[in-house]
């Protein structure tokens with residue numbers, strides 16, 4: 001009888017341990033501090049636009065982030081708003097393209113998840129941007145170049161020349177109409193192929209390929225996994241501030257650092273080719 005009771009106790013303990021699902025180990029990779037009033041849940045897909053510190057609110061330059069395939073996030077070297085793009089590996093990039101003020105470029109993503117912004121030159125047209133929290137609007141020559149994502153997830157904005165087909169088909173970049181906490185995203189931008197599209201779930205950023213937004217060992221912002229890249233510093237603790245900017249912990253200042261024909265994004269300056277920026281969250285619409 002004694003052995004039978006011991007066996008049953010062991011069996012029940014084993015079942016209890018099996019039922020327990022601990023959180024992902026990388027979910028604990030978060031900053032020690034949080035953004036006051038930050039939103040950690042936003043399940044509707046949104047993009048990011050790079051806003052340099054040199055512009056005023058009345059002439060907002062939004063570089064929409066792109067993402068290359070490996071998940072890296074990149075921004076072009078273009079002197080205007082760029083939607084962040086993402087290349088295939090998850091990197092985020094922004095291009096170095098030069099154009100008149102008041103333009104919106106979405107961050108793109110390349111295939112590996114990197115985010116990039118390119119330096120491409122775009123054809124521009126007259127358009128009006130409604131400035132958030134202001135009654136007046138600023139009219140100027142402007143376009144919206146979406147930041148793309150390559151296959152590794154890098155986010156980029158390229159420096160290749162763009163045609164007039166990339167120009168905004170709508171004349172206004174307007175505040176989005178969202179209920180409750182979704183009002184935190186106040187503007188919209190055109191979505192195109194490669195544009196970084198993400199959601200925020202419990203302080204974790206997830207791109208359209210299911211990869212996790214993280215600050216990796218070299219301080220670069222990109223998307224990998226899951227799990228995130230080995231040696232990642234942060235994989236959680238993301239939020240949207242009450243001003244609509246992306247934050248990691250209590251910090252909403254990022255750096256676009258020149259890398260050839262595009263910028264990569266970092267949470268710290270890594271040298272002389274870096275400039276401080278805000279990453280403005282934008283609602284993505286088909287134009």
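Positions of Cβ are set from backbone N, Cα and C atoms, glycine also.
Here Swiss-Prot flags 81-99 as repeat 'PIR1/2/3 2'.
Marked as repeat 'PIR1/2/3 3' by Swiss-Prot: 104-122. Here the repeat 'PIR1/2/3 3' (104-122) returns a mean pLDDT of 65 for the predicted model.
Annotation comment: Swiss-Prot describes 144-162 as repeat 'PIR1/2/3 4'.
Residues or ranges marked as signal peptide by Swiss-Prot on the basis of sequence analysis: 1-21.
Annotated site 'Covalent attachment to cell wall glycan' per Swiss-Prot: 72 (among others), in sequence order.
Among the features that Swiss-Prot reports, site 'Covalent attachment to cell wall glycan' is placed at 91 (among others).
In this structure, residue 114 (site 'Covalent attachment to cell wall glycan') is part of a beta strand by DSSP. For 114 (among others), the entry in Swiss-Prot reads site 'Covalent attachment to cell wall glycan', with the evidence type similarity to another entry.
Taken from Swiss-Prot, the feature site 'Covalent attachment to cell wall glycan' covers 154 (among others).
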In whole Å, how far does the CA atom of residue 91 (site 'Covalent attachment to cell wall glycan') lie from that of residue 114 (site 'Covalent attachment to cell wall glycan')?
0
Counting across all protein chains, other CB atoms within 10 angstroms of the CB of residue 72 (site 'Covalent attachment to cell wall glycan') number 42
For residue 91 (site 'Covalent attachment to cell wall glycan'), the number of other Cβ atoms found within 10 Å of its own Cβ
44
Residue 114 (site 'Covalent attachment to cell wall glycan') sits from residue 72 (site 'Covalent attachment to cell wall glycan') (Cα to Cα, rounded, in Å) at a distance of 1
